[in-house]
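Annotation comment: TrEMBL describes 41-260 as domain 'Peptidase M12A'. Sequence annotations record features per position, and here TrEMBL assigns Zn(2+) binding site to His161, His165, His171. Annotated active site per TrEMBL: Glu162, in sequence order.
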Amino acid sequence: MSMKQKVFDISLFFHDETLYFDFSYCEEPIYERDIIFTPGNQFSGTTWENGIVPYEFDRNLSTKLRDSVKSAMENIESKSSVKFVRRTNQRDYIKITDCKDYFSFVGKQGYRKICTGTFEDGYCIGCGNQDCTGMKYSGMQVLSITDNPDRFPAPLGSAMHELMHALGFYHEHSRPDRDHYLTVNNLNCNYVKHEDHPNVTCNGPYDLESIMHYPLERGIKLNELNPGIMKLVSEKKITVGQREKLSKGDINALNELYPSTSSFRFLSFWT
């Protein structure tokens, strides 16, 4: 597929403003299945100042999906000091759309350069323009949810999952201590482990019930060397990768990242 086709396909979903995102830097348009980032600016988000998150809906988003997002926001707000507010004129905000998939940036991206000035097939990687000077900036960041039957069939829970990404959370199964609990086929690129890093923050014990955990799949299973975990799963009937609610661990981590009074903080590789 050419650069032109990729840029055109993505831009169809943004009816309200002329802004394009090209995801050609990955073989798939996402990292770990549902994380996106500005080209050349991976893993550099922050928290949202004072926990206030401006957002707006793209016109292509159905009433059903809007209701799912609103319910997801209300669920998160009821468990934390985070507040989602409809955007008026805020520079930095989340644009919620339906790109027939689920994905989000991690944390607030802020006003930033969104293009590299590097061209492929005559189009800039980043903004998609033929006449790009490498100086396109925006404070908008995209979050996509869908009712596409080929994707995760849980719009409400998946909306919470993507909103948690936007608030600054990575996947639970990408924690550096995950190998104590999971056996992962290293060829499964959706289960990348973020190795120990001096700035990595692990909020509480490993949480198999987290809404930020992926389900068990071919190539990943509970670690048979840890019978305690196997017993725990058996007795409590835990659904690993559930999309029904925030777990207790999710709520604790959310309130640690967004205390009742806060400014903002830079995010580490794993939060």
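Heads up, the Cβ atoms here are built off N, Cα and C, so glycines get one too.
Owing to the predicted nature of the structure, the values given are computational and were not obtained by experimental measurement.
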Average pLDDT across the domain 'Peptidase M12A' (41-260), rounded to a whole number: 80
CB-centroid shell, 8 A cutoff, Zn(2+) site His161, His165, His171, site residues removed: Asp34, Ile35, Ser104, Glu162, Met164, Phe169, Tyr170, Ile211, Met212
Around the Cβ of His165 (Zn(2+) binding site), the count of other Cβ atoms that are within 10 Å: 24
